[in-house]
Amino acid sequence: MPQRNTVSWNGLISGYVKNGMIKKARQVFDLMPERNVISWTSMVRGYVEERMISEAEALFRRMPEKNVISWTVMLGGLIHEGRIDDARRLYDLMPVKDVVTRTSMIGGLCSNGRLEEAREIFDSMPQRNAVSWTTMISGYAQNGKVDVARKLFEVMPERNEVTWTAMLMGYTRCGRTEDAWDLFKAMPDKPVTVCNTMIMGLGENGEVSKARKVFDLMGERDDSTWSSMIKVYERKGRELEAVSLFRSMQSEGVKPHFPSLISVLSVCASLSTLDHGRQTHAHLIRSKLDDDVYVSSVLITMYMKCGDVVKAKILFDRFSCKDIVMWNSMITGYAQHGLGDEALQVFRDMSSSGIQADDVTFIGVLSACSYSGKVKEGKEVFDSMKSKYKIEPITGHYACMVDLLGRAGQLDEAMKLINEMPVEADAIVWGSLMGACRNHTNSDMAEIVAKKLVELEPKNAGPYVLLSNIYASKGRWGDVDKVRKKMRHKKVSKSPGCSWIEVEKEVHMFTGGERTPHREHKEIVKKWEKLSGMLREAGYNPDGAFVLHDVDEEEKVQSLRLHSEKLAVAYGLMKLGEGVAIRVMKNLRVCGDCHTAIKLIANVTRREIILRDANRFHHFKDGLCSCRDYW
């Protein structure tokens, strides 16, 4: 340029500031032959946006003249850094304050819970706009004073979308979903963003049906609408609805975005629905999101929980720079599959790579040792936590050790460890010992542990059920009846066992007995009767010890026949072609009789069956199980 004026110089500074090139902006600023208030303000703004607050303050103090914009920029910087006292002092020094300045100060004070000061400024404002009103209302709502916020909301001259959202979020944060619902219904217009807020707010408070009602009533939806509803289903344990909604989203031609894809991956991991998981992975590849370390960690977890260890390992090996989450995903995954040697090798590789192990790492490694019977290695890892890694064990690590010792039959040593714990043992620790008492039919210790668990979790059916199992296995039906009477007296109910299997991208659910039969229940029972004949020829004899009723042997066999995992496996054999692995998920621990039966089914039908129960995987193939009958 043959000639440059102040506007030219300011334009260049502004360009550098907007692109985050603060050093270049400062070089130009220092070279300027003549600066005006815009030049100084642009530089102060640049430092504020780059979080270089000290440099911004130093330049602000040097300014020969300041206007209301300069003061407001500096004020906003201090508020953003959480320096509210300094911001308030600067505010009080300001010669002129406009509506933006006052609103900024109100927002800063509200974010720090200083509502009285904020209200004082609000009341003293000569003019207020919608932002001012909304900021004050939002301040009250965010600090739990929703009734005060509502009073202000009612007298507000003109409300906008943000105001309604602030009020609705205030109600849902406090759990006052009825008030939120009534306010939502009173809205003259219901923009998509407000509806999305309502879906998440209602969902977080357990009002899933109302959240879905909002979703269904919406005339227009964006990708966030679908993501919000899917996330609500995922977080509230309604995985089947989440999968169904994701399929509807695809059928309507809505392109899934990152949040919905991550939610669906979590659902696929929970349900062990490998086909849906692979489909979601394909979406991530097409969206070029699969190279993200976080996404890869979620994918590894999904493949591990769906039983595809090979694919999880391929994903893991792709990354040269792995973070702690990725390493932990592999260790935990191997643990769930009972692959102790592989989990320990990943742990050693992790240490060699310079990644510092954390609490989650050791829970994964100790679980792997527990599930694979590596007592010696588990003890060594546990001892190394403090001595080598300087990590103090917490209750989760002690629970793993109790589980390790208990599975190996070292019940007295497990009890000794609990008594010597430096912290109070929680229900998870005692629950680990209770499971070991069940495995080794130690009814005397089980009674002691059960009483402790009942004290800690009086509404948890687990201790009662395990104790019933132990008594039943010993034929102590009178004691079984006493336990049941206690459960009825305390109104404790057992979660029903259910299993599910994915066939042609549809998840089929099965419950024990005939309470909610599958639509093809009769055909499934016929299939099981045919399998039963093959199993008897192979030497299978139903184990009545796993039936909790004092009934004759014929009734026990009938009860065992209708266990949910057996029905799911029978359905898989009916519907899935030769060579296709049968993958079944169960919400509870698989019983011993079902474990024996499914192992034989895999052998006599020459099929690969993968069963994931509440604790771990059981991979049945050629008459063997990956857990080596140690679970």
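Each Cβ is built from the backbone N, Cα and C atoms, and glycine gets one as well.
Residues or ranges marked as domain 'DYW' by TrEMBL: 539-631. This prediction places the mean pLDDT of the domain 'DYW' (539-631) at 79.
Annotation comment: TrEMBL describes 5-39 (among others) as repeat 'PPR'. Listed by sequence, the residues of this chain that lie at least six past the ends of the repeat 'PPR' (5-39) yet keep a Cβ under 8 A from its Cβ atoms are 45-47, 49-50, 52, 63, 65-67, 70.
Marked as repeat 'PPR' by TrEMBL: 67-97 (among others).
Tertiary proximity for the repeat 'PPR' (98-132) is limited to same-chain residues at least six positions away from its ends with a CB under 8 Å from its CB atoms, namely 68, 71-72, 75-76, 78-79, 82, 84, 87-88, 91, 138-140, 142-143, 145, 158-160, 162-163. As annotated by TrEMBL, repeat 'PPR' applies to 98-132 (among others).
Secondary structure counts, DSSP: the repeat 'PPR' (160-194) has 26 helix, 0 strand, 9 coil. The annotation repeat 'PPR' is assigned in TrEMBL to 160-194 (among others).
Residues 192-193, 195-196, 199-200, 202-204, 206, 208, 211-212, 215, 263-264, 266-268, 270-271, 273, 276, 280, 283, 505, 507, 509 of the same chain lie 6+ residues outside the repeat 'PPR' (222-256) yet bring a C-beta within less than 8 angstroms of a C-beta in it. Summarising the annotation, TrEMBL assigns repeat 'PPR' to 222-256 (among others).
Annotation comment: TrEMBL describes 323-357 (among others) as repeat 'PPR'.
Residues or ranges marked as repeat 'PPR' in TrEMBL: 358-388 (among others).
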For the repeat 'PPR' (358-388), could you work out the same-chain residues 6 or more beyond its ends whose Cβ comes under 8 Å from its Cβ atoms?
324, 327-328, 331-332, 334-336, 338-341, 343-344, 347, 350, 394, 396-397, 400-401, 403-405, 407-408, 410, 615-616, 627-628, 630-631
